[in-house]
Amino acid sequence: MKKLTVSLDHCQYPIYIGKGILAKLPEVLQEAGMTFRRKLFIISDSHVAPLYSKQVQTVLEKAGYEVGMAIVPAGESSKNLQQLEHLIGECLRFGLDRQSVIIALGGGVIGDLAGFVAATYMRGIPFIQIPTTLLAHDSSVGGKVGVNHALGKNVIGAFHQPMLVLYDVETLNTLPKRELISGFAEVVKHALIWDPSFIKWLEQNSEELMALHAEKISEAIYRGCQVKVAVVSQDEKEVGLRAILNYGHTIGHALEAVAGYGVYTHGEAVAIGMAGAVRLSTKVLGTDKQVVVKTEKLLHAFELPTQYNPSHVTDELLLQAMKRDKKVRNDEYSFVLTSDLGSVELVRGIHEEQIRTILQEIRGGKA
Ligand SMILES: NC(=O)c1ccc[n+]([C@@H]2O[C@H](COP(=O)([O-])OP(=O)(O)OC[C@H]3O[C@@H](n4cnc5c(N)ncnc54)[C@H](O)[C@@H]3O)[C@@H](O)[C@H]2O)c1
Ligand SMILES: [Zn+2]
């Protein structure tokens, strides 16, 4: 089992990564200072709960905890205020108090939703992240929690750090392939923004990673989390550096929204967004074209797309969606751009014309 520690000004918490470590939950709870048997409440979704909730519940009950559970329908559409209210009702009915702990068992949707329940219930109670998707190596770390509004994704939320993250890589064996691939986009992102040696390692190990070789996947998650931890611990509330985690997300978020949620997975959209961002970097920063070639090659090694299908979206709609994004001011766009592999920066004042050129380049052939 690998362990990483997130150290922030006001708190510190561990991330455990390994194969078959769900069984160790009582042990790590003890280590995290849970010396008495508080009430625990699992929040999961309709895909994950049938696979893993019994196991989690049993191991905790055997250790003497009283455990409740609520299950929401799987998918992004559960990340809303109605579910929040419903779940808070369930917490009240189960008698959770301020000493109780919520357990988020699932992917990023559950992490964000259950984390936000924990952030708001009785003005905030502790929670634990048990991520079950590859993408959630990103979302379970860093304390951003929240739900969507009809007019925007993740616009209702809070910063609420978990008390620990327990990542059992065995759960990835049941993850649909497309979701796995989506998660690799964020792994690749973490390498591209921070760590040239991680990029090399991903290039060399892509086949074993795609085949879910347990040790390799643990290593990839560990290294991805390491980047996230390094960034978040320098800028927890995104006043500066943390913005670099949005590499590929300006175009990516626009693509997700315009195509309609579900047409592209988050990772597919971010992969196309990174292909756009690296191409824009050659125009704005004069980045070497080899960086584009290498970036796209790495994304393709994980079967990720680097072009969007124009029958799903138009450039106009994409630009409009980008304008609604928090990162556009006075018609000037901000983009996280790359000067070289493993190094990015936030660049302001990018003009619409430059983005139009890039959109043409990453527009696929099918009309
Ligand atoms: N808080 C953050 O910092 C942050 C960062 C990135 C993304 N996010 C959020 O994360 C969400 C996306 O997360 P996601 O991609 O994990 O989506 P998800 O939670 O919807 O999971 C994807 C699908 O896989 C299923 N699933 C999950 N684990 C499984 C398993 N082990 N076996 C079988 N099926 C499984 C889920 O039920 C769902 O159908 C978005 O809402 C995004 O906004 C948050
Ligand atoms: Zn993302």
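Every residue gets a Cβ built from N, Cα and C, even glycine.
Sequence annotations record features per position, and here TrEMBL assigns domain '3-dehydroquinate synthase N-terminal' to 71-181.
Among the features that TrEMBL reports, NAD(+) binding site is placed at G108, V109, I110, G111, D112, T132, T133, K144, K153, T171, L172, N173, T174. Around G108 (NAD(+) binding site), the same-chain residues six or more apart in sequence whose CB sits under 8 Å from its CB are P131, T133, L135, A136, D138, S139, S140, H266, listed in sequence order.
Here TrEMBL flags 183-328 as domain '3-dehydroquinate synthase C-terminal'.
Taking the Cβ of E186 (Zn(2+) binding site) as reference, residues of its chain lying under 8 Å away and at least six apart in sequence are, in sequence order, L134, L135, H137, D138, G224, G267, V270. Feature annotation from TrEMBL assigns Zn(2+) binding site to E186, H249, H266.
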To the nearest Å, how far is the Cα of H249 (Zn(2+) binding site) from the Cα of T174 (NAD(+) binding site)? 27
Residues near the Zn(2+) site, E186, H249, H266 excluded, by Cβ within 8 Å of the Cβ center? L135, D138, A185, K189, G248, G252, G267, A269, V270, G273
Neighbourhood of L172 (NAD(+) binding site), C-beta criterion under 8 angstroms, separation at least six: T132, T133, L134, L180, L212, I217
Per-region confidence, the domain '3-dehydroquinate synthase N-terminal' (71-181) (mean pLDDT, whole number): 96
For T174 (NAD(+) binding site), which residues in the same chain are close in space, meaning a Cβ under 8 Å from its Cβ, but six or more apart along the sequence? L51
Return the residues near I110 (NAD(+) binding site), defined as same-chain residues 6+ apart in sequence whose C-beta is under 8 angstroms from its C-beta, sorted by sequence, else 'none'. I43, S44, D45, V48, V72, A104
Taking the residues G108, V109, I110, G111, D112, T132, T133, K144, K153, T171, L172, N173, T174 listed for NAD(+), what is the greatest CA to CA distance in Å, to the nearest whole number? 29
